[in-house]
Amino acid sequence: MDHAAHHAFEFLLAGKAMTLFSFLFGLGFALQMGRAQERGTPFLPLYVRRLTVLLLLGLTHIFVLWYGDVLSLYAVTGFLLLLFRPFPSKRLIFWSLLFILGTPLVLAAVHRLVPLLASSPEVIQTVAQEEQVRAEALRKQSRAVFAHGSYLDTLRPNATIYLTRLFRPIFISFVLIALGRFLLGFVAGRHRLLQEPERHQPLLRRLLGWGLLVGGVSNGATFLVGQLTNAGHIPQGAPWMFFLPTVSELGSLGLAAFYMAGLALLFQRPRGKKWLSVLAPPGQMALTNYLSQSVIYLLLFRGFGLGLGGKLGTLACLTIIFGIFWIQLLVSHLWLAHFRFGPAEWLWRSLTYGKAQPMRLNYEHLR
């Protein structure tokens, strides 16, 4: 069951959720621009303040809780998104696909070609091997601290892992791929794809069909190659595997498009709208739920908590994840029945505007 759960997670969700969230960030960028134009207010100063605060929240999240933060990545990528604001939609789509599908190819080329082009390939190979040894030593040391150390003990390896990743090509690839997803969301928001889905039903249906086809075939191919490689039927260094990361990204993009289009079409039906509206409150408190998940998972899996890290299979972990999500869904409904924002959203908004924002729904009556 664990193997089946792991493969199902990898096929259906891994990378797809991140693609959707990045897409929605870009769509939000278009919405903010549109609102600023409608109000006749400057867009740039407020947007820059929002991203700056988000970056600070992300860095705090990294060094206080968990190195696997996405807030700082989104903030940095959000600043880059400004460069593409004047571009027409067709050019945005071109750059988007170039970043999403081309970045893995460039990264693979760097790893493969640098040793070949170097004046002394043996030296490059030795350095790479030494780097692998150091990385493995860091992983082992970090796992030991995470499994048995106190909270304060975990802060140093947590920061070390993040800073080590920060100055590697892989981090730049994360930024560029995220930027590509942002650009797709920006185009969708500019053309009001999700704000007015009834106007775009033919396009949404095409995205539904083609997304399922492309996502299914690409993810299926990636899965099959992985299984054959693990079984020894395909050599690890086969030249054509150079393209596998791009195929994987294409699979994530395809299934994410399928999910997005399916939800947009379902939302246009009365019963579908009723069901999906249940998910609105946790979406409104996405930042709070994201940060609180880090706290919950650290208490569950780190040594200073229950210490379950490495002791549970995939199925048990997924059960915990979905259980926590449903609890957060309930808490989000209860919280927003009394307050305008989630706690983290309130902090983000207050720091952006430079003053405490009204929190309670009946705030005006309390004055």
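Placed from the backbone N, Cα and C atoms, the Cβ positions cover glycine too.
Values in this document were obtained by computation on a predicted structure and should not be read as measured data.
Residues or ranges marked as domain 'DUF418' in TrEMBL: 188-355. Taken from TrEMBL, the feature transmembrane segment applies to 12-31, 70-87, 94-114, 166-187, 207-228, 240-267, 312-331.
166-187 is the stretch from 70-87, 94-114, 166-187, 240-267, 312-331 with the greatest number of Cβ pairs below 8 Å to the transmembrane segment (12-31). Remote same-chain residues near the transmembrane segment (94-114) are listed as 84, 87, 124, 169-170, 173, 176-177, 179-181, 183-184, 187, 242-243, 245-246, 248-250, 253 (criterion: CB distance under 8 Å, separation of at least six residues from the stretch ends). Below 8 angstroms of C-beta separation, residues 12, 14-16, 18-20, 23, 100-102, 104-105, 107-109, 112, 177, 181, 193-194, 197, 201, 204-205, 207-208, 210-219, 221-222, 225, 229, 234, 273, 275-276 of the same chain, each at least six residues beyond the ends of the transmembrane segment (240-267), sit close to that stretch. Across the domain 'DUF418' (188-355), the model assigns an average pLDDT of 94.
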